[in-house]
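Database features, via TrEMBL:
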- Asp72: active site, proton acceptor (ACT_SITE)
- Thr10, Lys11, Asn12, Ala13, Gly14, Lys15, Ser73, Phe154, Gly155, Tyr156, Asp157, Lys177, His182, Arg183: substrate binding site (BINDING)
- Glu43, Asp72: Mg(2+) binding site (BINDING)
Amino acid sequence: MTKDKLVIATKNAGKAAEFRTILKPKGIKLLTLADFGNLPEIEENGQTFLENARIKAETIAKLTNLSVLADDSGLMVDALNGEPGVHSARYAGDHDDVANNAKLLANLAQVPDEERTAKFHTTLVLVSPNGHQLVSEGEVRGKILTAGRGENGFGYDPLFYVPELNRTMAELSATEKNAISHRGRATKQMMTKFDEWWANNENFSD
Ligand SMILES: O=c1[nH]c(=O)c2ncn([C@@H]3O[C@H](COP(=O)(O)OP(=O)(O)OP(=O)(O)O)[C@@H](O)[C@H]3O)c2[nH]1
Ligand SMILES: [Mg+2]
């Protein structure tokens, strides 16, 4: 019963949409936290992306007894010593993209163009109900603009300029973003080991 389902342990609709596109070829039924009515709030109190991804994956696997994929990600700006980092979602206000982007621009107001380098990072943790884990990571480098451009994506995407494509993340289509993004790269890396893990996981749950 539980073998063909994977829970994406996220409340972020943007992330969920990206995972649905990337994982579609697997033909596995994907659920997100929105499919469960009564889950408690998860406190992301880790110091690292890995700790937070693990907290999310392990908590939801225990509660649902299903296999779970969790993503912890964030923006790391060189001129801000890697901030907002693990605090990206709640930099200025809890999941308030407008306030978060405004704070980022304010903190970079005196920083010249050539020093506005940054990267997006994702750590993924995949865990089965009995605790077998796969971990992967992905990053993409870019620059923080002085004003947003584009309507797609979510979070800091309008401010994140990708030099190779001469566009911001928010000016890319979903397919274009997944092809180069931190999340797309981390998922691609995980997929190289996924089939073997999934097959073994089926055996473990017997
Ligand atoms: O412009 C962006 N494009 C991206 O592709 C992206 N990926 C992550 N982020 C930022 O980093 C936070 C993650 O925090 P986070 O990993 O805790 O996720 P979250 O709290 O939004 O959802 P959940 O998965 O924890 O439920 C997010 O909220 C965003 O601010 C991104 N911003
Ligand atoms: Mg979060």
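Even glycines carry a Cβ here, placed using N, Cα and C.
Cβ packing within 10 Å was compared across the binding-site residues Gly14, Gly155, and the lowest neighbour count falls to Gly14. A Cβ distance below 6 Å to any atom of ligand 1 is met, among the binding-site residues Asn12, Gly14, Glu43, Ser73, by Asn12, Ser73. Asp72 (active site, proton acceptor) falls within a strand when secondary structure is assigned with DSSP. Reported as a whole number, the C-alpha separation between His182 (substrate binding site) and Asp72 (active site, proton acceptor) equals 11 Å. Packing around Thr10 (substrate binding site) is summarised by its Cβ count: 21 other Cβ atoms lie within 10 angstroms of its Cβ, all protein chains included.
The record assigns Thr10, Lys11, Asn12, Ala13, Gly14, Lys15, Ser73, Phe154, Gly155, Tyr156, Asp157, Lys177, His182, Arg183 to the substrate site; their largest pairwise CA distance measures 20 Å. The DSSP secondary structure for Gly155 (substrate binding site) is coil. Across the binding-site residues listed here (Asn12, Ser73), the residue whose Cβ sits among the most other Cβ atoms within 10 Å is Ser73.
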